[in-house]
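Engineer: From TrEMBL, for reference:
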type	residues	note
DOMAIN	11-346	domain 'Kinesin motor'
BINDING	Gly104, Pro105, Thr106, Gly107, Cys108, Gly109, Lys110, Thr111	ATP binding site
COILED	361-429	coiled coil
REGION	472-503	region 'Disordered'
COMPBIAS	472-491	compositional bias 'Basic and acidic residues'
COILED	512-546	coiled coil
REGION	767-863	region 'Disordered'
REGION	891-916	region 'Disordered'
Amino acid sequence: MKDTGESKDHQLTVALRIRPLSDAELEEGATIIAHKVDDQMVVLMDPMEDPDDILRAHRSREKTYMFDVAFDYSATQDEVYRSTTKGLIEGLISGYNATVFAYGPTGCGKTYTMLGTDREPGIYVRTLNDLFKAIEETSDDMQYSVSMSYLEIYNEMIRDLLNPSSGFLDLREDSKGEIQVAGITEVSTINAREIMELLMKGNKQRTQEPTAANQTSSRSHAVLQVAVRQQSRCRDILQEVRFARLFMIDLAGSERASQTQNRGQRLKEGAHINRSLLALGNCINALSEKNGNKYVNYRDSKLTRLLKDSLGGNSRTMMIAHISPASLAFEDSRNTLTYADRAKSIRTRVKRNLLNVSYHIAQYTSIISDLRSEIQRLKKKIADQASRQLNPDRTDIRHVQAEVQAHSSQQSRAEMDQLREQLIDAFRQQMDIRKRLMELDNSNMEIQIDTSKHLLTIADWEQERFRRRKKWQGERRKESFNKDESEKDSDSPESLPDSTETQEVAIARENLVTLMAEQKKMRKQKAGLEQRLAELREKARRLEELLPRRVSSEEQREVLCLLCKVHELEIENAEMQSSALLKDNVIRQKNVVVQRFEQHRHLCHEIIQQQRQFIDGESFAGIRNGTEISARDESGQTVAVKFSRVMQYEGSGSLPKITLPSRGRDPLQEMDSDQESVRTLGSDNREANSFDTFLTFPSLCKLNIFPCMETFNGQKYLEFCECENKNSKEHSACPGDIKRTRQQILRGVQNITVKAARRRSKVLEIDALRLPPPPSPLDPKKYKSNRSLTEVPPKGLMLRRGRQPSPELCHATSDDNLSSSTGDGPAPNGTWTRPRNRQAVKNPTPREQDFEGRRRKRRSRSFEVTGQAVSFYINSRCHFLHSALPPHQAWPPNQATSAPPVCHNHRNRGSAHPQTLKPGLSIDCLLSTPESALWNQ
Ligand SMILES: Nc1ncnc2c1ncn2[C@@H]1O[C@H](COP(=O)(O)OP(=O)(O)OP(=O)(O)O)[C@@H](O)[C@H]1O
């Protein structure tokens, strides 16, 4: 359904009617001062004017006024009607709204003009008569429905004059923005006499009281509303529907309290009347402004709300101003003429109310059935005429019977049609409201999404501010810790970090306020629509109950069922659309969440990148990503530790957390579940002579060896120490204090050396008992039984750790022997030599001298510790140490202990021999501190 009416400007037409002098005025000796000069001009003379008074010669208040039409006492009701209202009827039928209102002081003839008397009916009746005549003339082609309502506005309350018992009614704005009176009685009749009777009856209900100015003064504004709806009888797929409203208003008298001598209730009425007329006057003033920009406040009174369209909207409007010719009413007449004159410049924009209705399937069925019955009727008529010609006597009776039958069926059908129309109308309105509700819901959801976006922006900002403040507080705390008391006192506290909101946050806050207001407004609208929907549902339900009782034929019943079915389907469709919209909105909301996560992910990525850059760059000289560490555990097993993590040193003495998750796993989790990462290749790869264990960082922690950072001469070093705290998580989280770490390192090294000495003593003891010949590498059995200390000892051997050391061992673990203990190791050929104790060996043999020389040489190039000590092979270029190094690339035990330290550079992963450690990256740089401390001891 769409509106196809074109709009054009229309100027408010103003007529002036001067009534005859009343008997009362004559009695009071009033003279006539208002004269009609011609059909448009009126002159109002100044009653105070005296031609002999020279002093007042130039102060005359006499004035002429021009109107569209002017009437005096001689004008008949018919003349007034023809010149003012008759022209509006044609427009009304074409679909233009129209308004006629009578304005003027009390007792000047407004009711006389509008309602008239039985003998001299006024505009109401004449208009309706002509309207019905026009309808009748075109009823062959057009189908009309006319409804009428009559109300009064008394003391700012609306009363139904056709049904006064219904109480006070409310004004409401419908979906098209038109003002409607909720619950008003609408009478559908096209009989002028009936209407006149109704009006007379209604007028008797109108509040009338005698005043000093008028014995039958109307104390209220009476509004007669006629709604005309028409459509072509020839039903088509596309149907043109015209509708128009005609308002005929008899206003209450504009009066001055002094003139009417009102008291009490009358005075109160007068105040209300004046209030609404004042509001009307204000609207007229605003609308008549030349630039037309002035705000028009229609909401000041019910009258102006009702006349909103008539004054400034879509209506052809006629104002009939009334004055008394009496000299006594000069002031009132002058005011009325001034208002009327001003109203002339009001322009309205009239628009034809046309609707193109495209029918849906249920209505097609109805059209077809109508056409079929029309064809049947015409066929029958032809057949009747033919038979009448053959048998004139009998046909007359049949003809009369048929006529009666046709008439009655036509009548019932018309009634049915009307009810059906009402039902369709109710359905259509319901759907309109549903759609609007859907739109409201959708807009509401959009507002919610926007609101959550703005809230997130604000929350981000709050978080950032909180973070900054925390950081600031931390720095302050650190500073105050470092400073002594005197400095503290002298220093003035630094100001808080800038917490001024960004423009984005300010905009977000502003937007939030707007969105809240919008939401509130929507809620209000929604409540109104829901109420209207409930009313319409009730109306439709009543019609649905009523219609089946009126239905006479099966065909009509079927059409009715189809109609209801179509409506149900339409509702289902609307619901589906609504749920689709809902889902759409949910997806949009989730998209916002995904975006947030995406942003978070990017942020994490950036942090990781920064940390990587920091580590790969100049952050510390010693250890880098992919560093390999070879160590022997307390059982004497050599372990190669590789760092697939990089630890960032922030200089605060605390070891940083490992932030880069490997293969999506949390580093701490990895620490816990590092059973996989600790692979003792000794058991799996014995054939390949590899007894090294490759450990990840967590595995190293499990061995109670922890990396600590230390700075010497501006260089950062990584140190490894044994830690008393066996909880690797705790250790990695807070080993911070450098001094403590350093002590731990020293203690760890002492332990290492002591344990190494013990172990060595044990081995020497065993060696002394049975000095086996050097095993041939070709003899695997012998070779296996003479493994170096780096090989995995049998389980039973591990138990020895708990034994008390032998006297020899005690001697071996004495401080004097600490240094020598670190020098012992297997010969390059993989065999273990007899222990060399500097004190015990007085005259070394050449072989022993050779061994001692090698031992010292080796000690200067590498660091080797048994037990829990660690031997490091570091290549700062290594990026990643694979935990499952192939056996042929693993360090053979003999090489690990005798050859210079090597590192597994993964750039050379394919090479058969590991790279020799470059001098600049020697292990000394990492262990120089504990080792030198050891040597100093
Ligand atoms: N043009 C006229 N010709 C003859 N009599 C008239 C004319 N105009 C008004 N009268 C008479 O004047 C009297 C007052 O008229 P009316 O009641 O119509 O005034 P009103 O403006 O409606 O007053 P109120 O505002 O108090 O209702 C009535 O008796 C009416 O018959």
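These residue numbers are counts, starting from 1, taken along the chain as shown.
The backbone N, Cα and C atoms fix where each Cβ goes, glycine too.
Just so you know, TrEMBL annotations never went through curation; they're auto-generated.
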Engineer: Please report, as numbers and ranges, the same-chain residues at least 6 past the borders of the coiled coil (512-546) whose CB is under 8 Å from any CB of it.
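Structural biologist: Same-chain residues near the coiled coil (512-546) but 6 or more away: 175, 419, 422-423, 426-427, 429-430, 433-434, 436-437, 440-441, 443-444, 447, 450-451, 454-455, 458, 564.
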Engineer: Please work out the mean pLDDT for the residues of the domain 'Kinesin motor' (11-346).
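Structural biologist: The answer is 82, the mean pLDDT of the model over that range.
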Engineer: When a 10 Å sphere is centred on the Cβ of Cys108 (ATP binding site), how many other Cβ atoms does it contain?
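Structural biologist: The answer is 30.
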Engineer: Should Gly109 (ATP binding site) be counted as helix, strand, or coil on the basis of DSSP?
Structural biologist: coil
Engineer: Which of the three DSSP-derived classes (helix, strand, coil) applies to Gly104 (ATP binding site)?
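Structural biologist: The three-state answer is coil.
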Engineer: Determine the Cβ neighbour count for Gly109 (ATP binding site): the number of other Cβ atoms within 10 Å of its Cβ.
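Structural biologist: Excluding its own Cβ, Gly109 (ATP binding site) sees 23 Cβ atoms within 10 Å.
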Engineer: Please identify which of Pro105, Gly107 has the densest Cβ environment, defined as other Cβ atoms within 10 Å, among these binding-site residues.
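Structural biologist: By the 10 Å Cβ neighbour count, Gly107 comes out on top.
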